[in-house]
C-alpha cells in the first residue's frame with residue numbers, strides 16, 4: 001500500500017464516520033431505529049466473522065447468543081439493575097457457553113459443526129419460549145428501559161442511536177487490535193491450515209475454543225443492545241433464522257475481511273428497507289440478490305473489491321514492467 | 001401405554017417421510033457436495049404447485065402428475081443448472097449459504113403468489129380408522145407408511161440392483177475414478193438431482209394432507225430431515241432411512257411421554273450426543289480429514 005493509498009483510506013474512514021454521526025440527525029424515528037439495528041447486528045456479525053472468517057469454524061448459533069444477551073439485559077434492567085451489569089453477565093455467560101460449544105469443534109468439522117451449533121440454537125429458542133418463570137415465555141418482556149450513559153438519558157431515538165454507534169466503535173477498535181495481535185494471527189493460521197498451525201506450536205485446541213468464546217461473547221454484547229433498542233423482546237426474533245441471517249451477513253459482506261460484517265449487516269438490514277417500495281416482493285428480491293452475488297463472487301462484496309484492486313495493481317505493475325522493458329530495448 | 005401402537009405407527013409414518021427427504025439430501029451431498037438448506041422448502045413447494053394446478057380446474061390426479069413434473073423441472077434441473085453448477089467450484093460453504101437464500105426466496109414467493117394462510121390439501125390415501133391387532137389405527141398413517149416404504153424399497157433397488165444405480169454409487173464414492181472407468185458422471189449427478197426432486201414431491205404429497213399446506217412448513221421439515229441424515233450417517237442412503245424412522249418415532253414418543261413443550265429438543269439432544277460420540281452417524285463411514 002502506497003502512502004497516498006493509506007491517506008485515501010484514512011480520509012474515507014473519517015468521512016464515513018462523520019456521515020454516520022451527522023446525516024442521521026434529521027432522520028425520523030424509524031430511520032434511526034433501522035440504523036441502530038444495523039449497528040447492533042454489525043457487532044453480532046463481527047463476532048461471527050471472528051469465529052468463521054478468522055478461525056474458520058462454521059457456527060449457526062450466533063442468533064442464540066444475541067438472544068441470551070437480550071434476555072440478560074431485559075431481565076436485569078427491568079429489575080432495576082444497570083445495563084452495564086447485564087452486559088457483564090451476558091458477556092461472561094456467552095463466553096462460557098461459547099467455550100463449551102467450541103468443544104464439538106475440536107472433534108468435528110464443517111457441516112457437522114454447523115449442525116451441532118444449529119441444534120444449540122434451537123435448544124436456546126425452546127428455553128426462551130418455555131421457561132416462563134424466567135423469560136415470560138411467548139408473552140415476552142416489555143418496558144425494557146434504555147440506559148443512562150454518563151448522566152445522559154438515551155430514551156429518545158437519536159441519543160440511543162449514538163449509544164449503539166459508540167458501542168460499535170468501541171467493539172471495532174477492540175477487534176482491530178485483536179486481529180492484529182499474535183492471537184489474531186494464530187486464528188488465521190488455524191483457518192488456513194490447522195495441521196501446520198499445530199506444527200508451528202500453536203495450541204489449536206485453546207485457540208479454537210477462544211475463537212468460539214470471543215465470537216459468542218460479541219453476540220451477547222449485541223443482545224444487550226438489542227433489548228433496550230426494541231424495548232420489548234419475545235422468543236421469535238431469536239429463532240434459527242437470526243443465526244442464518246447473521247451467517248449470511250458475514251458471507252455476503254466478505255468473511256475474513258475486517259469490514260465484511262459492516263457491509264453484510266448493511267445489506268441484510270437496509271436493503272430490505274430500500275426494497276420495501278416493492279411491497280411483498282422485497283424479501284424475494286433480497287434472496288435473489290444474495291444468490292446472484294454469491295454466484296458472481298463467493299467471497300462476498302469485499303471479495304469482489306479485493307479482486308478488482310489486486311487485478312488493477314497487477315496490471316499497473318505489468319504496465320510499468322513493459323515500459324521499463326521497452327526503455328531497455330530502445331536504449332542506445 | 002394404551003396408545004403405544006398408535007404412536008409407533010404415526011411415528012413410523014412421519015419418520016418414513018423424513019427418511020425420503022433425508023435420502024434426497026444425502027444423495028445431493030454424496031454426488032455433488034451440496035448441502036441443501038432449502039430441502040424443507042423443496043418439500044413445501046410441490047404441494048403448492050399441485051394446488052395451483054387444481055385451482056385452474058384440473059382433477060387431483062392430473063395435478064399430481066403436473067406437480068411432480070414441475071418439481072423435476074424446477075427443483076431438479078433448474079436448481080442444478082442455475083444455482084449448484086455455477087457455485088460448485090466455490091466450495092461447500094458459499095453454496096450452503098446460497099441455498100439458505102433460495103429457501104427465503106421460495107418461502108416468500110409462495111407467501112406472495114399463493115397465500116400466507118394454511119390451505120387444506122386432499123389426501124391420496126383414504127381417511128378413516130382401521131382395526132389392527134384389536135386396536136384402532138389411523139388408515140392415513142398406515143397408507144403413508146406403506147407408500148413411503150414402497151418408495152424407499154424402490155430407490156434402494158434402483159441403487160443396488162440396476163447398472164444405473166451402480167454407476168450412481170460409483171460417482172458418489174469417487175467421481176474421478178468413476179470417470180476413468182467410463183461412467184457418465186455428469187449425467188449421474190443430474191440424475192441424483194432429478195431423484196431428489198421426485199422424492200421431495202412425493203414427500204410433499206404424503207405429508208401435506210397431515211400438516212396442511214403452509215409457506216412456513218418447510219422449516220420444521222428441513223430440520224427434521226437434516227437431523228435424520230446426520231443421525232443415520234451423512235454419507236449413507238440406508239443411514240438416512242434409519243435416521244428418518246428413528247427421528248419420527250423418537251419425536252412422537254417424546255411428545256407423548258416427555259413433554260410437548262420440549263418435544264423438539266429430544267431429537268436435537270440425540271443429534272448432539274451422536275455427533276459427539278459417533279460423528280459419522282450410526283451407519284456412516286468416517287470421512288477423512290484432509291491436510
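Numbering starts at 1 and runs along the chain as displayed.
The backbone N, Cα and C atoms fix where each Cβ goes, and this holds for glycine too.
Here's what TrEMBL has on this protein:
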| type | residues | note |
| --- | --- | --- |
| TRANSMEM | B:7-29 | transmembrane segment |
| TRANSMEM | B:49-75 | transmembrane segment |
| TRANSMEM | B:87-106 | transmembrane segment |
| TRANSMEM | B:139-159 | transmembrane segment |
| TRANSMEM | B:189-212 | transmembrane segment |
| TRANSMEM | B:224-250 | transmembrane segment |
| TRANSMEM | B:262-281 | transmembrane segment |
* **Chain residues outside the transmembrane segment (B:189-212) and at least six past its termini with a C-beta under 8 angstroms from it** => 14, 17, 20-21, 23-25, 27-28, 30-32, 36, 39, 42-47, 50, 64, 67-68, 71-72, 74-77, 79-80, 84, 118-124, 140, 144, 147-148, 151, 155, 164, 168, 171-172, 221
* So which residues does the transmembrane segment (B:139-159) touch in its own chain, when a touch means Cβ under 8 Å and the partner is 6 or more beyond its ends? -> 9-10, 12-13, 16-17, 19-20, 23, 123-130, 132, 165, 168-169, 195, 199, 202, 206-207, 209-210, 237-238, 241
* To do: Compare B:7-29, B:49-75, B:87-106, B:224-250 by their Cβ pairs under 8 Å to the transmembrane segment (B:262-281) and return the stretch that comes out on top.
  => B:224-250
* Structure fact -> For the transmembrane segment (B:7-29), out of B:49-75, B:87-106, B:224-250, most C-beta pairs under 8 A are with B:224-250
